[in-house]
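**Student:** Structure below; questions to follow.
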């Protein structure tokens, strides 16, 4: 009764910590899903720059990484013009932001798919929990890396828009239209921060639970059972030899 009670006290914290680890994986999966979606939507939408409220325009003009759209304020008609070929000359801000956001999209998508394979509810390597934890760790590292180009591209674009507008105001130059960064830029920042958060959960928090669960107890119990058997065998043979030796010693004395 004593050993069984002790075993129940030992297994209860392990099961609780294992549930906490699974919960962290699901929370990270939630953030990774929406972060990857935000990055993809931000890359392929047209509202990275939008005309400010103090502009003398009767229409809303948005500029994205690939095209520019104008929406008439009276009838709501929307027209879009694509930029020139990707091989044409573009501003450094546009080219670098494109490259950074596409890189972030690919890495975030790969990290999310990898994380799905590491979840316990997914029937992938069900008998290898240690490998699944490793897969989740790789997914977290990938998401951390994905957040870097995303946040660099989004913040650089936003800062460039702000500096351009501030320079015009500082020099009293008014062109009739002024831009501010739009919701696509905000979406890129949010997606990048979400990737950082998901990656931090998977790498830092799961590291604290790396010794919890069946991936730890199974090898240890196997080694313990093997060592107990190996030790008990010599003892069982040692008892008859010792008694025989004592009897032989008594006979010789007599």
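Heads up, the Cβ atoms here are built off N, Cα and C, so glycines get one too.
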**Student:** State, for residue 123 and residue 185, whether Swiss-Prot gives them the same topological domain name and hence the same side of the membrane.
**Tutor:** no
**Student:** What range among 2-22, 23-43 does Swiss-Prot describe as transmembrane segment?
**Tutor:** 23-43
**Student:** Looking at 189-209, 210-230, 231-251, which one does Swiss-Prot call transmembrane segment?
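**Tutor:** Going through 189-209, 210-230, 231-251 one by one, Swiss-Prot gives transmembrane segment for 189-209.
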**Student:** Can you say which of 72-92, 135-155 is given as transmembrane segment in Swiss-Prot?
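**Tutor:** Based on what Swiss-Prot states, transmembrane segment spans 135-155.
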**Student:** Residues of the same chain, at least six outside the transmembrane segment (189-209), with any C-beta under 8 angstroms of its C-beta?
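**Tutor:** Those are 17-18, 20-21, 24-25, 27-29, 31-32, 34-39, 42, 104, 108, 111, 115, 133, 136-137, 139-148, 150-151, 154-155, 158, in sequence order.
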**Student:** What mean pLDDT does the predicted model reach across the topological domain 'Cytoplasmic' (120-134)?
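**Tutor:** Reported value for the topological domain 'Cytoplasmic' (120-134) is a mean pLDDT of 77.
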